[in-house]
Structure formats: structure tokens, C-alpha cells
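Quick look at what TrEMBL lists:
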type     : residues : note
COMPBIAS : 312-323  : compositional bias 'Acidic residues'
COMPBIAS : 327-337  : compositional bias 'Polar residues'
DOMAIN   : 129-247  : domain 'Palmitoyltransferase DHHC'
REGION   : 293-337  : region 'Disordered'
TRANSMEM : 20-39    : transmembrane segment
TRANSMEM : 55-73    : transmembrane segment
TRANSMEM : 177-199  : transmembrane segment
TRANSMEM : 211-233  : transmembrane segment
Amino acid sequence: MRRGWKMALSGGLRCCRRVLSWVPVLVIVLVVLWSYYAYVFELCLVTVLSPAEKVVYLILYHAIFVFFTWTYWKSIFTLPQQPNQKFHLSYTDKERYENEERPEVQKQMLVDMAKKLPVYTRTGSGAVRFCDRCHLIKPDRCHHCSVCAMCVLKMDHHCPWVNNCIGFSNYKFFLQFLAYSVLYCLYIATTVFSYFIKYWRGELPSVRSKFHVLFLLFVACMFFVSLVILFGYHCWLVSRNKTTLEAFCTPVFTSGPEKNGFNLGFIKNIQQVFGDKKKFWLIPIGSSPGDGHSFPMRSMNESQNPLLANEEPWEDNEDDNQDYPEGSSSLAVETET
């Protein structure tokens, strides 16, 4: 009886957590809906008097708004990609691994299994990266997310503002969302500013629209500052071909720790996220190369471009098996390797 109550309580808590996880998304949606109303109706249709100016403002606004909402939708509803079946332990291997009590033997078992897989990264101690919750050998750049309760390919972070784990399947969409968010806020701020000044000086009548216009500029500027910092940070990560987790914890390869292990050069790094067809870079459709299980590495690229070997090595960092606390990406995020 007591066990049944505990299970019911645990299920109820999980349900509440799922519901509450949508609160940040709901906040963003409400702010965006209000900004749409304030800009389209209170500014363009009520405050702006010139018909030509109204048309230009509305056309440009809706063009940006479509891409902004499209990329936000894709960031939220593109499911994180998990490792395929060949990285999971078979029933026999899982039983052998769990029944073995000697850690050194377990470690050797994982080494033998990993020889059949394209994995080149290790833990800080040199062991094969293994997830004891998903019972799989982690592919390179894969980490376990404690929020999503699964291993995510090329995991970057878990973002509460999209209620989703950002990784191989949707990192391009997340970057595009940040870019269009910055553009959205900048466009609103620049077009609203002149009318903000007019209301401030009393050149326009103090009507209901005054509050919306004044507050619209304030909100746009506030979001612009935080978003441009976050977007700039992720642009730096892309230019170095790093994830947020790799920026904080140096990847360890079979040859040792290497902070630039996946750095292929500026152009190739960008292509690793957006693909080699530039016509798809601004459109939220999947174009990232590969399957997310293996990635070209710097050491392999040096034989084709010896100049890469001239860059200075980076310092070592901590064990890959550590857990990452919760937060957000400009604001922190919850992740767990």
C-alpha cells in the first residue's frame, strides 16, 4: 500500500514538473503576442499616420516575424536525437557488465565493445564514456541530459526557454532563432524610437497607444541586450566548432585532452552546423552534415592541412563524467554528462 502511494506521488511530481517546464515558453509566447499587438495595431495602425510608412513597416515586420516564430517553433518541437541501437549494450553484454563486480574488468569490457564503434573520446581518466542510465557507450560529443532523461547526440545544453535539449538535431534552428530574435528586437527598437521621442516630448496625444509604444521600446531593448550577448557567445562556439559543454570541459581523446580537437578551420566549422549549401543557411530546414554519431576531427584534418598543427595546444580540464547543474545558456541550463 505504502509503495503504491510512493509511486503515485512520484508520478504526480513528474507530471507537475512537465507542466511547469512549459512556463518559460508560455512567458515568451505571451510577450511575443503582446509585442505583435502593440506593434501592428497600436503603433502602425493607430500611431503612424503616413500610409506609405505603415505599409513598409508592416511588410518588413511580418517578414522578420515569420522567420522568428518559425525558428522558435523548430527549436521547441524538433526532438533531440538519441544514439542508435549499435551503441546500446546487448542484453547479454548488459547482463555480463552488471553481474561483474570488479571495476577493472568492467572497464576492459567497455574497451573491447568500443573497439567495434567509431568512438574516439574518453573520460578524464581515459576510460570509455559509458552511460549507466541509458546503458550505452556514448558516441563522441554525446551527453546524458538529466532533464530529458536520455543521451543526446552532440548535446550543447538544455534550454528552459524552448523546453528542449539543444543538440545535433536542432542546434542550427536554435542559432537561427537567436539571430532572428536579435533582428526582431533591433527592428522594433529602431522603428519605434522616433515615436517614443514624440510621445516623450508631448508631440503626440496621450492616448492608450502611448503606454504600448513606450513599453515596447523598453522590452525590445532589454531583450536585445541579453540576446545579442548569447548569440555572440554561440557564434564564437560555432567558429571554434565547440559545444557549450566542450567550452567548459575539455574533450579527452584516445591521445589525450585537446581543446581544439574538433576545430577544422573557420569555414568548415560553420559548415558543420549549417551545411555546405549556403542557400539553406538562413532557412530553418535540416542541413547539418553527418548523422550526429561521429565527427571529423582536427587530428585527421592535419594530414591534409599541416598549418593546423602550428596552433598552440589548450590546457587540460576535468573529467568528462561530471554532472552539469541547471541554468540557461545566457542565463544557465541544466545538463548532465
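The backbone N, Cα and C atoms fix where each Cβ goes, glycine too.
Note: TrEMBL annotation is automatic and uncurated.
Sequence-distant contacts of the transmembrane segment (55-73), counting only residues of its own chain at least 6 positions beyond either end whose CB sits under 8 Å from a CB of the stretch, comprise 28, 32, 36, 39-40, 43-44, 48, 162, 173, 176-177, 180-181, 183-184, 187-188, 191, 282, 284. Here the domain 'Palmitoyltransferase DHHC' (129-247) has a mean pLDDT of 94 out of 100.
For the transmembrane segment (177-199), same-chain residues at least 6 beyond its ends with a Cβ under 8 Å from one of its own Cβ atoms are 35, 39, 43, 47-48, 57, 60-61, 64-65, 67-68, 71-72, 74-75, 162, 206, 210, 213-214, 216-217, 220-221, 223-224, 227-228, 230-231, 234. Here the transmembrane segment (20-39) has long-range neighbours at 61, 65, 68-69, 72, 76, 147, 160-163, 188, 192, 212-213, 215-216, 219-220, meaning same-chain residues at least 6 beyond its ends whose C-beta is under 8 angstroms from one of its own. Residue counts of the domain 'Palmitoyltransferase DHHC' (129-247) by helix, strand and coil are 68 helix, 16 strand, 35 coil (DSSP-based).
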